[in-house]
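Read through the structure below, which is laid out as structure tokens, and then see the notes.
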């Protein structure tokens, strides 16, 4: 494998940026839908393959603005895989949107180009060895998704995009201020210029950095990147963006973009944890995580739009992940990594299903979607399995991660386990209640369904992987996650 990789004109870490970067420009020149969709799938597939090579090929961070370790490889491999499967789903889904007149053919070049630009920016954020460059990448990812959320050009879509832009800009401004404070803390120790922004240099000198500046910086970073993660009360952009944008973008938002912002927070958490005089960042993550979990649990009962319903489910699960990493320790961190992986796979699968449901029923209103298991058995039962998985039922992978987290919390902080379990039960009840009406009973009318239908393959692959993870975790994967859990502290 290593010998083959050395035959490439660029390193694998460069390839996960070069492929989507070049593809974005090429796709902006391809007006034909079918050709554009194929190039989009090819580019996404190649990016995923190059991401896999990072498991064995690690560049020297001292000679590059980019670096790879066990932590960011988790995010890169997961993100590029979901990006690839979403591109497969997107190919037929967007084609159907054009056929029914919801999306204008003239926007195809824009959509495919922005899809690869988003892939580029997320991979750049995950591989950047410079905290300033990481900030730029997250901002670029925000701008590309803002444009894609407004793709339908309806009043609701444009309002959602504008709301996302305003709130996202506030968040990214706070994150920028936090990044500047990190630089100010590093400058007296490391010196001025680029070196004071390099992650590998920062973490090596973390113990000597000003703890006061680190403490203040993390508050701003938590608020800034926490907005991107979708943690309550910083979440207001997320439900609208999920509901009004194209369904593939909803899948990418929940399965990828939220994770990139979470990754940034984890890096800065590691920086504070390495300074013996800085305040422990864990309690802030635990607090926002519990607030998000319980708030979203209540809001699930009030949603009337099926995509908004699962957007609030994403807030719930990102809160749960933040809680896990805030608790820290080998078991809680392992549970957080596993839960993040399972959530990305499951939630993107659910949005694949929900997008098809909205097409066949002609609506996103929950009240108008009934009896899917009878009217569309394959689609209906796939949604049932997806919701069962996201609700935490065994034997799915999310049950495993939630069980590990609850066990760890009861063992270490029994009082915190009470609101944790309450939030989980609250969300579970809401999802089961909503699923009962959507999946069973007398079927609601369907719209005329002529033309192409989105592929079920990505949905099924994701759910099968989540099921396998609930039954058996391979030894190498467990060892990998355990190593990352130790890194996170």
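Heads up, the Cβ atoms here are built off N, Cα and C, so glycines get one too.
A Cβ distance under 8 Å defines the sequence-distant neighbours of the transmembrane segment (6-30), meaning residues of its chain 6+ beyond its ends; these are 36, 39-40, 43-44, 46-47, 50-51, 53-54, 57, 59, 64, 66-68, 76, 80, 109-110, 112-117, 119-120, 123-124, 127. Taken from TrEMBL, the feature transmembrane segment covers 6-30 (among others).
Per TrEMBL, transmembrane segment is recorded for 37-56 (among others).
Residues annotated as transmembrane segment in TrEMBL: 71-94 (among others). Through the fold, the transmembrane segment (71-94) approaches residues 16, 33, 37-38, 40-41, 43-45, 47-48, 50-52, 54-55, 103, 108, 111, 115, 119, 122-123, 126-127, 246-248, 251-252, 255-256, 259-260, 263, 266, 337, 340-341, 344-345, 348, 352, 355-356, 359, 452-455, 457-459, 461-462, 480-481, 484, 487-488 of its own chain, all at least 6 residues removed from its boundaries and within a Cβ separation under 8 Å.
Taken from TrEMBL, the feature domain 'NADH:quinone oxidoreductase/Mrp antiporter transmembrane' covers 128-423.
Annotated transmembrane segment per TrEMBL: 132-152 (among others), in sequence order. Counting same-chain residues at least six beyond the ends of the transmembrane segment (132-152), those with a Cβ under 8 angstroms from any Cβ of the stretch are 65, 102-103, 107, 110-111, 114-115, 117-118, 120-122, 124-125, 158, 160-162, 164-165, 168-169, 172, 175-176, 179, 183, 197, 199, 225, 228, 241, 244-246, 249, 252-253, 257, 260-261, 264, 267.
Look at TrEMBL and you will find 164-186 (among others) tagged as transmembrane segment.
Beyond its flanks by at least six residues, the transmembrane segment (198-226) meets 61-62, 67, 128-131, 134, 138, 171-179, 181-182, 184-186, 188-190, 234, 261-262, 264-265, 267-272, 274-279, 281, 284-285, 288 of its own chain at Cβ-Cβ distances under 8 Å. The annotation transmembrane segment is assigned in TrEMBL to 198-226 (among others).
What TrEMBL lists as transmembrane segment is 247-266 (among others).
The annotation transmembrane segment is assigned in TrEMBL to 278-302 (among others).
Residues or ranges marked as transmembrane segment in TrEMBL: 309-332 (among others).
For the transmembrane segment (379-404), the list of distant contacts is 310, 313, 317, 320, 331-332, 334-336, 338-339, 341-343, 345-347, 349-350, 353-354, 356-357, 360, 371-373, 424, 427-428, 431-432, 434-435, 438-439, 456, 459-460, 463, 465-471, 473: same-chain residues at least six beyond its ends, Cβ to Cβ under 8 Å. The transmembrane segment annotation in TrEMBL covers 379-404 (among others).
According to TrEMBL, the transmembrane segment annotation covers 416-436 (among others). Tertiary proximity for the transmembrane segment (416-436) is limited to same-chain residues at least six positions away from its ends with a CB under 8 Å from its CB atoms, namely 286, 290, 293-294, 296-298, 300-301, 303, 309, 313, 316, 319-320, 323, 327, 366, 383-384, 387-388, 390-392, 402, 405-406, 409-410.
Annotation comment: TrEMBL describes 456-481 (among others) as transmembrane segment.
Two recorded stretches are said to be in contact when at least 3 C-beta pairs lie under 8 angstroms, sequence spacing 6 or more; the transmembrane segment (247-266) and the transmembrane segment (456-481) fall short of this definition. Nonlocal intrachain contacts for the transmembrane segment (456-481), taken as residues 6+ away from its ends with a CB within less than 8 angstroms of a stretch CB, comprise 70, 74, 85-86, 88-89, 334, 337-338, 341-342, 345-346, 348-349, 352-353, 378-379, 382, 385-386, 389, 394-400.
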